[in-house]
Amino acid sequence: MTDMQCAVDAQAKLAECPRWDERTQTLYFVDIDSFILYAYDTKSKNLLKREFSEEIGCFSLDEHSGFIAAFRSGVYTFKDFTDELKPYWLATYDQTTTRFNDGRCDAMGRFFAGTMYAPKDAFRGALHQFSHGKETLIDQAAWTSNGLAFSPDNKTMYYSDTPNHIVYQFDYDLKTGAATNKRIFIEFPRGNGRPDGAAVDSEGNYWSALYQGQRIVKISPEGEILEEHPVPAIYPTMVAFGGPEMKTLFVSTCRGAHTKEELEQFPQAGGIFALETNVKGQIEPRFAG
């Protein structure tokens, strides 16, 4: 039994990076494995999609409703939903084994994007920061970069390594963009879900989608699990706050990992689900350039 409703029955192979545009009441998200960026107008219920030639892992809007996005081959900007891509930073890693996965902007408009290393036999996933044409390596000790989020006071940065079942905390300096004092925030037991994409609400709680765990969890700033909410899919991938009052939690899910029998049980897997909460989320920061 779940309180979640399917907001967008996208049937996506790997829906990720739900992102709310509070100015237009539009929900954006990607299907990484299908190379698609979606835009769902919650007022008209119109769903637009744009197909690319490679995986788009994550993105952020800018101040002019343009985009910065992290693809397998690097980071690109485009002025609107249909504009051509302009290279911002071209990948220096091995693209046969590595691609961008999860990311977002901090409150100063710096874009962060983390990579995942497909062989998963070494910690080669890295977290990069992009600002004013410059790339900075923030961390390099993960298999799959995920769960990036910031506390409301901008003094704490969260970052997870999904296969290792760990969410980390860093001390964060918003003025300089430096992340220091890495430590374990929470470690989940094996076999009951792995921490994937996340969001922090206005009260500082960390909401995490537990991939292969069929649920999302709300975690206090002290690392205590406060709530668990079942998801109508085995593989939730990320969460994002949105809606008119910023109290709706959107949950993206993966369809491609389900078996045929599992899809009979969860026919809307690959969709975006919505949970009404009693707490406001934070408005998503925009890329500053």
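In case you wondered, yes, glycine gets a Cβ from its N, Cα and C as well.
No curator has checked TrEMBL annotations; they are predicted automatically.
Going by TrEMBL, these are the annotated features:
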DOMAIN    14-254  domain 'SMP-30/Gluconolactonase/LRE-like region'
BINDING   Glu16, Asn146, Asp196  divalent metal cation binding site
BINDING   Arg99, Asn101  substrate binding site
ACT_SITE  Asp196  active site, proton donor/acceptor
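Features recorded in TrEMBL, as mapped to the structure shown.
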{"residue": "Glu16", "record": "divalent metal cation binding site", "Cβ contacts under 8 Å, 6 or more apart": "Phe29, Val30, Asp31, Ile32, Gly57, Cys58, Asn101, Asp102, Gly197, Thr237, Met238, Ser252"}
{"residue": "Arg99", "record": "substrate binding site", "Cβ contacts under 8 Å, 6 or more apart": "Glu55, Gly57, Phe71, Arg72, Thr115, Met116, Ala118"}
{"residue": "Asn146", "record": "divalent metal cation binding site", "Cβ contacts under 8 Å, 6 or more apart": "Asn101, Asp102, Gly114, Tyr159, Ser160, Asp161, Thr162, Pro195, Asp196, Gly197, Ala198"}
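The residues near the divalent metal cation site, meaning same-chain residues not in Glu16, Asn146, Asp196 whose C-beta sits within 8 angstroms of the mean position of the site's C-beta atoms, are Asn101, Asp102, Thr144, Gly147, Thr162, Gly197, Ala209, Tyr211, Thr237, Met238, in sequence order.
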